[in-house]
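Q: First, the structure itself, so that you have it in front of you.
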Amino acid sequence: MLPSQPLLHAGVFALTVLQTLASNTFIAAVYEHAVILPDPTDKPVSPDDALALMNKNMDVLEGAIKEAAQQGAHIIVTPEDGIYGWQFTRESIYPYLEDIPAPGVNWIPCTDPSRFGPAPVQERLSCMARNNSIYVVANIGDKKPCNFSDPGCPSDGRYQYNTDVVFDPEGKLVARYHKYNLFMIETQFNYPEEPEVVTFETPFGKFGIFTCFDILFHEPAVVLVSKMQVDTVLFPTAWMNVLPFLTAVEFHSAWAMGMGVNFLAANTHKTSFAMTGSGIYAPDGARTYSYNMKTEDGHLLIAELDTHPRLSPASPPAVSWSSYALSVKRFSQNDHDFTGIIFHDQFTFTELTKPGGNLTVCQKDLCCHLSYKMARKRDDEVYVLGAFDGLHVVEGQYYLQVCTLLKCKSTDLDTCGQPVETAQTEFEMFSLSGTFGTNYIFPEVLYSGVRLATGEFKVLNDGRLINKTKPTKPVVTVTLFGRWYEND
């Protein structure tokens with residue numbers, strides 16, 4: 001007699017758990033999705049039309065989930081806005097929202113879809129997880145009615161949240177996260193009264209989750225890692241790239257390294273919005289990543305990670321980020337320091353006029369030290385050392401301390417700090433450090449063509465970022481990106 005389907009599924013799930021428990025690693029997947037967008041409208045479409053659009057996107061996601069599971073992945077992360085897109089008003093997004101209960105209700109939507117009212121999206125996601133015996137992470141919208149006695153209750157009588165959900169390999173809802181730090185155009189959503197710190201346990205480590213813009217703020221991102229001690233962070237995002245520091249692959253890889261965790265970043269793919277760049281990152285660098293501004297294709301990434309990266313021999317040691325920079329006198333200063341703008345922030349720059357040497361540039365309390373030697377000084381490329389110490393106030397308010405060696409867009413110094421993706425200059429050596437007032441520093445090395453330098457640089461215990469490969473590949477930027485949360 002053949003076993004019944006529930007018993008067969010339970011047996012497969014139990015075997016998967018036992019195999020995972022016996023290993024110190026797991027297989028992770030992320031999918032960068034070219035989202036099928038609804039037609040722009042200020043008026044709500046019908047619930048049937050909204051579901052039809054979401055099913056088109058879920059058809060694509062289901063294909064990626066099946067492929068990931070067939071390749072042995074234990075978990076897959078899909079992007080923010082990956083099921084219905086963006087550019088909504090508060091009213092027009094309403095048909096796309098569902099009531100998402102707290103995970104403690106012990107609910108498998110695949111087998112009990114109507115327990116909390118209509119939930120076709122949650123039902124389908126739950127079945128994707130259950131049918132493929134894989135954790136599925138997705139971003140959808142939650143709606144919660146509120147009482148007008150609540151002073152925060154919107155005039156339409158409901159809260160609307162940008163929400164991440166996680167379903168385990170049985171299809172059970174195990175995590176729900178409401179995005180706290182909304183991007184400035186997300187007027188269709190509310191943020192929760194208090195930031196949520198969401199974690200869940202798996203056979204392959206402790207996981208946490210937050211969304212896109214949250215990564216730049218102390219809550220919930222730093223709290224999740226520092227206080228809750230998660231092993232792996234899940235990160236659905238709709239990231240618009242901003243060179244030279246905030247391109248998805250370089251910043252997300254640097255954040256994983258600076259925070260000492262695994263980081264699974266799934267981005268939406270829309271080149272007209274500069275949206276691309278997904279990856280699977282470990283504290284010692286990217287395990288796999290993709291950055292593609294040439295085509296409109298989705299892309300599945302799969303890689304193996306340590307279950308507990310802090311215990312791995314490859315885990316980088318603790319760094320005293322300002323130790324070296326505070327111990328040395330200023331290097332020779334150029335009398336021709338000048339200012340330039342990077343993403344609306346005014347940096348102080350000094351030019352690398354010689355093939356090699358030592359330079360210092362300072363702004364307020366931050367002094368950035370650079371020792372370098374170019375493989376060959378080119379007349380058609382200009383590099384500068386830059387420092388920024390201040391409050392960034394454009395799409396959000398957050399305090400930065402940044403030291404950077406970067407290529408200017410042209411030989412005109414007025415272009416220094418403008419976005420540039422290509423370079424030809426290689427370095428025999430570089431050593432970058434700074435007198436940071438914070439320990440939250442994220443090291444970035446970006447090569448020509450927006451390629452990461454995985455395994456080709458390291459950070460010394462005293463805070464110096466140095467190259468390991470000699471010479472390097474052509475360098476776009478070498479950066480120590482600091483977030484001084486205490487000054488926000």
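Each Cβ is built from the backbone N, Cα and C atoms, and glycine gets one as well.
Note that TrEMBL annotation is computational and uncurated.
Copying in the features that TrEMBL gives for the protein in this structure:
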SIGNAL    1-22  signal peptide
DOMAIN    31-307  domain 'CN hydrolase'
ACT_SITE  GLU80  active site, proton acceptor
ACT_SITE  LYS179  active site, proton donor
ACT_SITE  CYS212  active site, nucleophile
Q: I'm trying to understand the geometry here, so how far is the Cα atom of GLU80 (active site, proton acceptor) from the Cα atom of the residue listed as 'active site, nucleophile', in Å to the nearest whole number?
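A: Rounded to a whole number, the Cα-Cα distance is 8 Å.
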Q: Around GLU80 (active site, proton acceptor), how many other C-beta atoms are within 10 angstroms of its C-beta?
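A: 25, counting other Cβ atoms within 10 Å of GLU80 (active site, proton acceptor).
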Q: Rounded to a whole angstrom, what is the C-alpha distance between CYS212 (active site, nucleophile) and the residue listed as 'active site, proton donor'?
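A: Cα-Cα, rounded: 9 Å.
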Q: Which residues, sitting 6 or more apart from LYS179 (active site, proton donor) on the same chain, put a CB under 8 Å from its CB?
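A: TYR161, ASN162, THR163, ASP164, GLU186, PHE189, TYR191, PHE210, THR211, CYS212, PHE213, ASP214 - these are the non-local Cβ neighbours of LYS179 (active site, proton donor), listed in sequence order.
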Q: Looking only at the domain 'CN hydrolase' (31-307), what is the mean pLDDT?
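A: Reported value for the domain 'CN hydrolase' (31-307) is a mean pLDDT of 97.
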Q: Test of understanding: give the count of other CB atoms lying within 10 angstroms of the CB of CYS212 (active site, nucleophile).
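A: The answer is 26.
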